[in-house]
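Below is one structure, written out as C-alpha cells; comments come after it.
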Ligand code: NAD
C-alpha cells in the first residue's frame, strides 16, 4: 500500500522503516529539513539499535523516501500521524502538532481527493479521533482510525516488526479491512474496536506500567526499613503467572517521553469528567519523590556532599536509547549540584544532550574514568558499559569505595568482595 508517515521521530521513523520492510511504499514527512536531509543519506537522527541499518536497506530498495512537504505523498492511501503530543502547561496533551498535521492532510486531500485513511498513531486523549473526524468531515472518502503505538525505545524496530498486539479503532468496516490489509503478515493479536476504546487502551497501558514501577519503588523503601531484599521479593512475586516479571524492578523512578506526560494527561482527562484517579495520582507522587529518596540513601553514608566528587553513571532514561526526556539523571544532577557536589558523568550516547542543560559538570569517556577520585558512584541507567566494570581497578581509583546502585544492576556480591560499601534500592 502507499503510505505517508507524518513525523519522523522515535515512533514515526520506526513505523516508516518497518512498514517499508513489510513491502509497503512509504513516504516519511518531517517539518525539520535538517532531519529529512540526514534521513535521505541513511543517517538516523535518533539512536535505536538496528534502525540505521534497516533505514539504509529500505532507502536502497526504494521503498522509503523522505520529504518536508506532504504534497509529495498526495497519492497515499494511508496517512499516519506520528507527531509529538507533549505535556502542555496545565498537564493536558498539547495537540498543536497533531492539529497542524491534520490541516496539512486536509490541504493535500483537496489537491488529490481519493479514498484514504488518516491513522492517529500519536498518543492522544480519548475523543481526539472524533475531533479529527469532525475536522475532516468535508474531505470525501476520508476515514479516521486510531492505531496507538506500544513500542519501547531501545527495542523499537523489533517491537514494530513483532508487536505484542495491534489495536485498531475505527468507525466503519471498510477502514478496518484496509488496516487489516496494511498489517497483513504481521503476526500479533488484533483488537479491532472503536476509536475511543483504542485511545484509552494506550493511556491505560502506560498508566498501569507506571503503577507497577511506583508500587515496587514504594515497596523498596519498606524493604530498606525491614532489611529485606527487593530483588528477591520481585522475583518471588513475578513468578506468579497472574503477576508476571515485567516492570517489577525497583529503581530511581521512571522517566522518558511517555509515562510522565501520559499519566498526567490521563489524570487531567479524568478530571474533566469529574473522576479523580487517586491511584494514578499517588503513582506520580511516588515517582516524583523517588530520586530524592535515592539521594537520601547516599547522604546516609556521605552526609555532607559539599566539595565531594560524585560519579553519575548513565544519563538516558533507559539503556539503548539517546532519549534524555524526563530522565531521572537530570533531577539527580541538579540536586547533587545544589548540595555542592562536583559531578563527573558518563553515558555511552546521552552525554551531549545532557551537557546542553548541565555544561558545568565533567563528562568522561568511560564509567571507570568517571569513578576516578570519586567519593561515591551512582548507577542511574543500567547501560552495559556502566554495569560491567573491573571492580578491583575502580576500587583502587576511587577516593572512597561507596557504590549506590539505583538500578540494582551491579553484581553486589562481587563488588562487596572487591571492598566496596554497596547500597542498592531496597536491598538488605
Ligand atoms: P518525537 O518528538 O521524537 O517526533 C515527532 C516528530 O514529528 C518530530 O520530528 C517533529 O519535527 C515532527 N513533526 C511535528 N509536526 C509535524 C508536522 N505537521 N509535519 C511533519 N512532521 C511534524 O516524538 P515521538 O517520541 O516519536 O512520539 C510521537 C508520538 O508517539 C507521541 O504522541 C508519543 O506519546 C507517542 N509514542 C511515543 C513512544 C516513544 O517511545 N517515544 C512510544 C509510543 C507512543
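The backbone N, Cα and C atoms fix where each Cβ goes, glycine too.
Here's what TrEMBL has on this protein:
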{"type": "BINDING", "residues": "30, 35, 85, 123, 153, 261, 325", "note": "NAD(+) binding site"}
{"type": "BINDING", "residues": "150, 151, 152, 153, 202, 247, 248, 249, 250, 251, 255, 318", "note": "substrate binding site"}
{"type": "ACT_SITE", "residues": "258", "note": "active site, nucleophile"}
{"type": "DOMAIN", "residues": "311-412", "note": "domain 'UDP-glucose/GDP-mannose dehydrogenase C-terminal'"}
Pairwise Cα distance for residue 123 (NAD(+) binding site)/residue 255 (substrate binding site) [Å, integer]: 16
In sequence order, those recorded positions of 123, 153, 250, 258 whose CB lies under 6 Å from ligand 1: 123, 153, 258
Residue, out of the recorded positions 248, 250, 258, whose Cβ gathers the largest set of other Cβ atoms within 10 Å: 250
Sparsest-packed of the listed binding-site residues (35, 152, 202, 261, 325) - C-beta count within 10 angstroms: 152
Pairwise CA distance, residue 325 (NAD(+) binding site) versus residue 255 (substrate binding site), rounded so that it is a whole Å: 7
Distance from residue 248 (substrate binding site) back to residue 153 (NAD(+) binding site), taken between C-alpha atoms, in Å: 18
Max pairwise CA distance, angstrom, over record-listed substrate binders 150, 151, 152, 153, 202, 247, 248, 249, 250, 251, 255, 318: 24
Maximum Cα-Cα separation in Å among residues 30, 35, 85, 123, 153, 261, 325, which the record lists as binding NAD(+): 24
Using Cα positions only, nearest of the binding-site residues to residue 35 (NAD(+) binding site) (150, 202, 248): 150
Distance [Cα-Cα, Å, rounded] between residue 202 (substrate binding site) and residue 258 (active site, nucleophile): 11
Inter-residue Cα distance where the pair is residue 30 (NAD(+) binding site) and residue 150 (substrate binding site), in Å: 21
Fewest Cβ neighbours within 10 Å, where candidates are the binding-site residues 30, 85, 123, 150, 153: 150
Chain-internal residues, separated by at least six, CB under 8 A from residue 255 (substrate binding site): 317, 318, 325, 326, 327, 328
